[in-house]
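Engineer: Questions regarding the structure given below will be posed in turn.
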Amino acid sequence: QDEEKWDFVLVSDIHEVGSEREIKRKKFLDELSKKGFTIKKIEDQKLFYGVRAPPLLFRQYQWLLRDPDNRQQSPDGHRDVAVTTRIRIVNFILQNTVTPDLEKLRDLIKKKVFEAAFPLHEKGELSEFLKEKWARWRVIFCRQPIEKIRWYFGEKVALYFAWLGWYTFLLGIAAAAGLLVFVAGITVFNSSQLSKEICEAKDTIMCPLCDQHCPFWRLSDTCTYARVTHMIDNEGTVLFAMFMAIWATVFLELWKRQRARVVTNWDLYRWDEEEEELALELINNLQHEPRQYQHSYFRSTIVLLLVLVMIAVLVGIAHALVIYRVVATALFAQSSSGFLREQADTVAVMTGAVLHYITIVIMSKVNRRVALFLCDLEKPRTFSQRESTFTVKIFTFQFFTNFSSLIYIAFFLGRINGHPGNYVRIAGKWRLEECHPSGCITDLFIQMAIIMLLKQTISNVMEYLNPWICHQLRRKRRQRPKKRRMMLGEEEEAEDPCKRQWLSNYELNEVNIFSLFDEFLEMVIQYSFTTIFVAAFPLAPLLAFCNNLFEIHLDAIKMMRLHRRMVPRKANDIGIWLLVLEAIGILAVIGNGLVIAITSDFIPVLVYKYTYSPCVMENSTGVDCSTGYINHSLSTFRVQDFEFYTKLPQMPPGFVSNNITECRYRDYRNADDYSYTVQFWHIFAARLAFLILFEHVALCVKLIAAWYIPDVPLSVKNTFLGRKHSDLRKELSMMEYSTEV
């Protein structure tokens, strides 16, 4: 039975005898034969070539990568090589075997000489265990069998699932804290003094929201919107933002410890990737010369400039979304539908969020092509270097794709739009959006909620349905001809036992070098959403937690049941992703500090309470110190100063006076010349002071947490200490023994 175990299967169309493709295929297979490979051919609608490497290759691998101190001992004594290691070695040799025409397997697949090359899913106890105890929805709350995943898919996949499991476990704590803050916000839904003031402001007439036929409106009309805003924007949000900054650090520090334990158990803590790659190159070709480290400042400059151009394009797309919202708001405000007219702002923000999601989907594909092109320009030395540079580029592009629009809403919306009588306009026509009198944070909340929900529902459904549908279609396509042949009576010869296994593996969906990368990228972008703007959306960790419970088993089902077997990769950490996660942790501190200081009304309310409120002006006990804040935060505008663009409509019914001479708008400006008031500069200084204080405190706490939690557990350090001690004792006793002899 061992003789029928094949390391890899190559699939090819049936080419005409003597055709160029057939000759190229024969040359490649001849090269494998020269290296001692056993090749078995099975013909169906396609040609299948089973490939098995000679035992010598694995003995060489074990010899080269054995502990140097033990190489002189038992040169013939070798353990069986793990299946994952066999597949990895064979894959390396297949990918690096060169034909006399100087073509590799990658080139032959591009030229349609071969269609696919893949390792086989095993039929055995291990695969059955993983299918039943891991790749099932019913085990969604069970612990993952990381050790068994490692034996089947290799260390890199096992580390991904170990990281994802650890991240999801700690997300549970963040989700509980976020839910607590949100519930606390709901309890003050009706009791907030600011909401009460807006709901009771029936006599406060607000300036029109657009230029054409938009009416004056009462501040009390937006009572519900104000309550929702103050449900999100409260003191608890500030504490939660600080908590999430610390959580991000603690999560990474605890992951470093967890990773150290796991890779020590696997005996990979001090594994050297470069040494492994050099060993494989020499096994493949003894004459191989290593490629030298090189760096070109010219090439790096070109790549940097192209990256900046791409970022400018992505920021340009964010500007286009802003223009859409501005134009949509103007059009909805003039709509014949009463609902659209009243909710023009909210509908524009919601449709803008859906449009933003669509741009994310499209630009993700464009970003990948651009990042690959830039990697080719850079010419990295090894596959791992290429993966690292690609990761940094694609994450940068995806970050701007996902967050440019959110950054605008959080920090620019309503702050660069001017004021009545002097609005900033796009193309001199459409005026920029402005914030609601109760603050801009609800716009950010809506945008975050829609994008996260769409990303996590639609993306996950598509992630499962796409491979499932493709798998079903491939199976049906293969079943039809078989029935026809059976009717013709041609199925007489006994079927080769390998044929069914090879065909069933071929019918599965193709995997590529980016399959695992895509899963990591999806999770890291989600981690960014969960931490960077969490002050505006405390439910983000809860949504991420629920999503990840499904994500773990969705990925497991795809890998075990819907996709061909991944080529196992050796690894002792999650690579460049750790640095990306640490960068996100720092961005989270900056982002949340800016959201609280700039987007939220936390600072203006605080300044009002301690500088201008009734509590300061007069010794009034029993009065809420934020009483009068809403009136204080609105400026007065004379209707006669409107620009000629503004066409005021007939007064809506219900207004006491048809002759409105003044209206209010959200800003701190003087009533006579519309210049900034002293209060504006007080608040500006307080925002700046808070931002500096928050970020320094949060970063200090992060540094203290990083110092307090050692990266490597003492158990791991003691393990290595014991090993060193026993090795030295053994050396000394061997020396004494040799001198005695």
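Note that Cβ sites are derived from N, Cα and C of the backbone, with glycine treated the same way.
All TrEMBL annotations are machine predictions without curation.
Annotation comment: TrEMBL describes 84-146 as domain 'Anoctamin dimerisation'. Per TrEMBL, the feature domain 'Anoctamin transmembrane' maps to 149-718. The feature transmembrane segment is assigned by TrEMBL to 157-186, 237-255, 301-327, 390-413, 524-550, 571-598, 684-709.
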Engineer: Applying the under-8 angstroms CB criterion, which one of 157-186, 237-255, 390-413, 524-550, 684-709 scores highest with the transmembrane segment (301-327)?
Structural biologist: 390-413
Engineer: Using DSSP, how many residues in the domain 'Anoctamin dimerisation' (84-146) fall into helix, strand and coil?
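Structural biologist: Residue counts in helix, strand and coil order: 32 helix, 3 strand, 28 coil.
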Engineer: If I take every residue in the domain 'Anoctamin dimerisation' (84-146) and average their pLDDT values, what number comes out?
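Structural biologist: Mean per-residue confidence for the domain 'Anoctamin dimerisation' (84-146): 89 out of 100.
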